[in-house]
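So that you can see what the record holds, here are the features copied from TrEMBL:
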TRANSMEM  85-105  transmembrane segment
DOMAIN    177-269  domain 'FecR protein'
DOMAIN    315-383  domain 'Protein FecR C-terminal'
Amino acid sequence: MDNRHRKIIELIVLYMENKISGTQQEELTAWLEEDEKNRSFFQQVISPEKRIQKFETRKHIDSERAFSKFKKNTQPHKVKSIYRLSQYAAIFLVPVLVGLVYLLVNQEPVTREISQSPITHGNNKAILILSQGETIDLSPDHALPALPEGIDLVLQGDKLVYISDSTTEKERQYHELVTPRGGEFKITLPDGTFVHLNSNSKLRFPKNFAPDKREIFLSGEAYFEVSKNTNKPFLVIAEDVQVKVYGTTFNINTLLGNQIQTTLVKGSVGIRVQDSSQEYILKPSQQAIVQKTDGDITIRDVDTTPYTAWTEGIFLFDNERLETILDKLALWYDVELFYQNESVKNVCFTGHLKRYDNIDVILNAIESTVSATFHIKERTIIINKNEYTNR
C-alpha cells in the first residue's frame with residue numbers, strides 16, 4: 001500500500017470520528033473530486049447500509065489480523081491514535097478498517113472469465129448402490145424409484161432412512177452410499193445411527209446388522225451420532241483404522257493425505273490400527289491422528305467445533321494452512337487448484353465462513369486478510385502470492 005492510500009485511510013477514519021481538521025477536510029475533498037470511483041468508494045465506506053451488506057461475510061474473518069496488517073502499513077503515531085479509538089468503538093470501527101484494508105490494498109476482487117457462470121456451492125446429492133449392483137440417484141430432482149423386494153427405506157426431506165427388519169440373512173447384503181465432489185448426504189442406518197457424509201466420500205454398510213456387532217466401512221469424511229447398544233458394539237473401519245464405538249458423537253476424516261483423523265465430540269471410542277491389539281481410548285474433545293504410512297497414533301486435546309462445523313453449514317478455520325483450506329473448498333465446490341507460487345500454501349488463515357455461499361464470496365473473504373490472490377478460469381482456481389502487500 002503506497003503513501004497516498006495510507007493517507008486516505010487516515011483521512012476517512014478521522015472524518016468518521018468527526019476529528020478531521022479544515023486542512024485535512026480540504027485534502028479529502030480534493031481526493032473525492034478526482035474520480036467518481038473515489039466518491040463511490042467513500043459512500044460505501046461511510047454508509048451503514050452499504051457497509052453492513054458489503055462486510056457481512058468479512059465480519060467473521062480474523063479482523064484482528066487484518067487490523068494488525070493495517071497498523072504495520074500506517075505511520076506509528078497515527079496508528080496509536082486509531083488503536084486507542086478502537087478500544088471505545090471496536091464494534092463499529094473494526095469492520096470498517098477491515099474493509100478499508102481490503103478495498104484499498106486489494107483493489108481487484110477475485111477475477112473470472114467474463115462469460116463464466118458463478119461456481120456455486122455443493123448440495124445434497126449421492127448415489128446409493130444396492131447389493132446386486134443396482135444404482136439409485138439421490139439427487140434432489142430424482143424421486144425414489146420402486147425398490148427391490150426386501151429393501152425398506154424412505155426419503156425424509158434431505159435424509160435417507162433405512163427401516164430395520166428382523167430378517168435373518170444367510171449372507172449379509174451390503175449397500176454403498178457414495179457422494180461425489182460437490183455433494184453431501186445424510187442417512188439413518190437400520191439401527192437408528194445418524195451419519196452425515198461429506199463430499200467425495202463412501203459409506204458401505206449392511207442392510208441388516210449382524211447379531212453381535214454393527215460394522216460399517218468409511219472412505220472420506222463423515223459425522224456420526226451412534227445409536228447406543230451396549231450388547232452390539234458399533235465399528236467403523238476407515239482404511240486401516242478401526243474405531244470402536246458404544247454410543248457417541250464423532251467425526252472421521254480420511255481425506256487428509258497421509259493421515260486419518262478421528263475427533264470425539266461426546267461419549268467414548270477406541271482407536272486401533274488394523275493388525276494391532278493395542279487400543280487407544282478417546283475422551284470427549286480429543287482427537288486421534290493415525291499416520292497411514294506406519295500406523296503411528298497421536299492423541300491430542302482439541303476444540304471439536306472446527307472439525308464438525310461443516311455439518312452446520314459453516315467453514316471454521318483456526319490458523320489453518322491455505323493449502324488445507326483450498327483442498328476442502330476444491331471438494332465442496334468441485335473445482336481444480338493450480339498454484340503459481342508454492343510458498344502461498346503455507347499462508348495461514350483464521351475465519352468463520354458460510355459453506356453455502358458461492359466460491360467468489362469465500363475467496364474474497366480469504367483474500368482480504370492473507371497475502372494471496374485468486375483467479376477463476378472455468379473450474380480452476382489459480383492461486384498466487386500477493387507480493388505487494390505486507391501481511
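Just so it is clear, glycine is given a Cβ too, placed from its N, Cα and C backbone atoms.
Each residue of the domain 'FecR protein' (177-269) gets a DSSP state, and the totals for helix, strand and coil are 0 helix, 57 strand, 36 coil. Using DSSP to sort the residues of the domain 'Protein FecR C-terminal' (315-383) gives these counts of helix, strand and coil: 26 helix, 28 strand, 15 coil. This prediction places the mean pLDDT of the domain 'Protein FecR C-terminal' (315-383) at 92.
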